[in-house]
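Peer 1: As listed in Swiss-Prot for this protein:
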{"type": "BINDING", "residues": "GLY12, LYS13, GLY14, GLY15, ILE16, GLY17, LYS18, SER19", "note": "ATP binding site"}
{"type": "BINDING", "residues": "CYS100, CYS134", "note": "[4Fe-4S] cluster binding site"}
{"type": "MOD_RES", "residues": "ARG103", "note": "ADP-ribosylarginine"}
Amino acid sequence: MTENIRQIAFYGKGGIGKSTTSQNTLAAMAEMGQRIMIVGCDPKADSTRLMLHSKAQTTVLHLAAERGAVEDLELEEVMLTGFRGVKCVESGGPEPGVGCAGRGIITAINFLEENGAYQDLDFVSYDVLGDVVCGGFAMPIREGKAQEIYIVTSGEMMAMYAANNIARGILKYAHSGGVRLGGLICNSRKVDREAELIENLAERLNTQMIHFVPRDNIVQHAELRRMTVNEYAPDSNQSQEYRALAKKIINNTKLTIPTPMEMDELEALLIEYGILDDDTKHADIIGKPAEASAK
């Protein structure tokens with residue numbers, strides 16, 4: 001059923017622009033004739049909003065809770081069709097502080113598989129929260145669903161820290177589940193030497209920076225209208241960037257087992273590029289009373 005489908009996943013730190021980047025890229029892939037389904041695996045349920053021009057799609061778990069069981073749902077109730085025929089599903093999650101979102105993800109995926117949602121597709125894309133690759137959010141990797149992982153990051157310290165953590169999670173399941181890292185997507189924050197830094201990080205993680213997405217306010221303008229840039233401004237420079245990334249993913253054959261860094265290695269890299277200051281830079285104030293350093 002899923003033998004010829006490429007099952008990819010976008011992971012990344014919360015707030016990095018993962019859902020925005022993935023939807024814009026998948027919209028460009030759909031423009032190129034690829035048949036795509038998005039499965040949102042983020043409790044915020046915002047993985048399909050730009051495709052559907054909606055606030056948030058009703059989730060599999062929410063409807064299942066209303067009906068009593070996931071078996072009582074019809075596929076058409078949870079799978080909607082968006083921009084360029086992209087199929088859209090949100091797995092949803094439990095109320096904050098209650099239960100495991102990962103269990104909801106696998107429940108939703110199993111329901112989709114059992115009801116024929118994976119037929120006539122070229123790509124299935126999982127959009128996954130990724131500050132921490134806990135057992136729950138690692139579910140698409142752990143269960144062998146997502147085979148090809150793209151990490152959305154930037155030149156900021158916490159985004160790189162999360163990328164390294166996600167690489168560690170991929171490594172854990174690379175041999176048992178066959179999952180591979182497809183590359184880093186740098187969603188620019190206009191950090192100094194950002195492209196060079198992420199290229200260096202990619203090399204250390206045994207992968208590639210598959211694309212550098214420049215920062216452009218047109219992305220926010222499109223988001224306010226609940227649209228992808230490709231639909232809102234198809235001739236813009238930014239839409240061309242997403243099309244370039246889409247082509248690279250479609251043609252990507254560099255799928256690797258990552259080599260995550262130790263924390264001191266990552267910090268040394270950040271110091272080298274001036275993201276994290278060396279203590280010597282502030283030697284005149286470190287360890288002094290507050291009133292002395294304020295003078």
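Yeah, the Cβs are placed from backbone N, Cα and C, and that goes for glycine too.
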Peer 1: Using DSSP, would you call GLY12 (ATP binding site) helix, strand or coil?
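Peer 2: Assignment for GLY12 (ATP binding site) reads strand.
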Peer 1: What count of other C-beta atoms do you get within 10 angstroms of the C-beta of LYS18 (ATP binding site), across all chains shown?
Peer 2: 26
Peer 1: Would you mind reading off the Cα separation of GLY15 (ATP binding site) from ARG103 (ADP-ribosylarginine), to the nearest angstrom?
Peer 2: 23
Peer 1: Identify, among the recorded positions LYS13, ARG103, the residue whose Cβ has the fewest other Cβ atoms within 10 Å in this structure.
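Peer 2: With the recorded positions LYS13, ARG103, fewest surrounding Cβ atoms within 10 Å: ARG103.
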